[in-house]
Amino acid sequence: MSATLALTEQLIARASVTPDDQHCQQIMTERLAALGFECETIASHGVTNLWAVKRGTDGRDGKLLAFAGHTDVVPTGPLEQWTSPPFVPAHRDGKLYGRGAADMKTSLAAFVVASEEFVAAHPDHRGAIAFLITSDEEGPATDGTVKVVELLQERGERLDYCIVGEPTSTAELGDVVKNGRRGSMSGELVIKGVQGHIAYPHLAKNPIHLLAPALAELAAEQWDAGNEYFPPTTWQVSNLHAGTGATNVIPGHADLLFNFRFSTASTVEGLQARVHAILDKHGLEYTLKWSVSGLPFLTPRGELSGALEHAIRTETGITTELSTTGGTSDGRFIARICPQVIEFGPPNGSIHKIDEHIEVRFVDPLKNVYRRALEQLIA
């Protein structure tokens, strides 16, 4: 069994459901400390975070490549639906099964073993290697990576490159990497009406009827055309509720929850202003609360994307696709302190599902791609 596969199994065996790290980071810390990493645990409200760094011969002047990821996993769902226990690594038909196999304990193991091999081959490496690991990525993400980033900002720490080990591949390892992500902004809209008897609508104001024309306009609006890297911004309703449950009462208010997934072609302020303008045009009486969970970020083609594309092509023969599709990730926080952030990891077809797994044939090539990136960027 390869070192990467063995470490992956060791991590899967830890039932590290958010925010419980279950000592996964301790396992990683022991391996990294043996390589000369300075390891720091940063705890916050039950969340465990790890910042580990090994400087090269250039000291603080050298380029720094960080590996970022999470030890936490999503809940298993009904245990009886799993073919084998989710926290007991199991091999079947060339696949390794277990919660976190794809998202993202294989990436964590590959990070560690790639670093071990790199340091052994390049003991006098010039640049620095760092690890930024959290147990709060699958949950609220309020005490994890964002807290470490804030601390690093206070210290004036500079990151030059960051590889986030999210499972970005689809059919084959390396066919897709993420060089950016869309922003996410949600709104809680309350339309005010006047409750009344449904037989006397002239004595009431139906907030559903009042909302309907504005809702149709919002749904049909083209917010932007996207750009070279991003698809057009989308606006979607996630929840709509009104009424008491009775069939003879006009509701007094209607509650609407919606979400924007937006590109760098739009801004928070611009999107908010356009929503308010549409609501105001229709003469609605309303309250609207906004929350922004992440801003869009983009890493244009450059040193990091080039290194990963070359490493993937050399290792797998695949020409990778740069993509910004999908949901948010911790990359949105890291982009605050790092100009080049790219996500790359194993295929994502089974993530968050019953019987999550990774094909064993991808495990060591993933490690090799990470090692090749180290060699190209900081050796």
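Each residue, glycine too, has its Cβ placed from N, Cα and C.
Matching H352, H357 to the Zn(2+) 2 binding residues that Swiss-Prot gives (D103, E138) identifies H352. The candidate list E166, E172, E188 contains one residue that Swiss-Prot assigns to the Zn(2+) 1 site with H70, D103, namely E166. Rounded to a whole value, the Cα-Cα separation of H352 (Zn(2+) 2 binding site) and D103 (Zn(2+) 1 binding site) is 8 Å. Residue environment of D72 (active site) contains 26 other Cβ atoms, counted within 10 Å of its Cβ in all protein chains. The distance from the Cα of E137 (active site, proton acceptor) to the Cα of H70 (Zn(2+) 1 binding site) comes to 6 Å.
Sequence-distant contacts (6 or more apart, same chain, Cβ under 8 Å) of H70 (Zn(2+) 1 binding site) comprise M104, I133, T134, S135, D136, E137, E138, G144, T145, D330.
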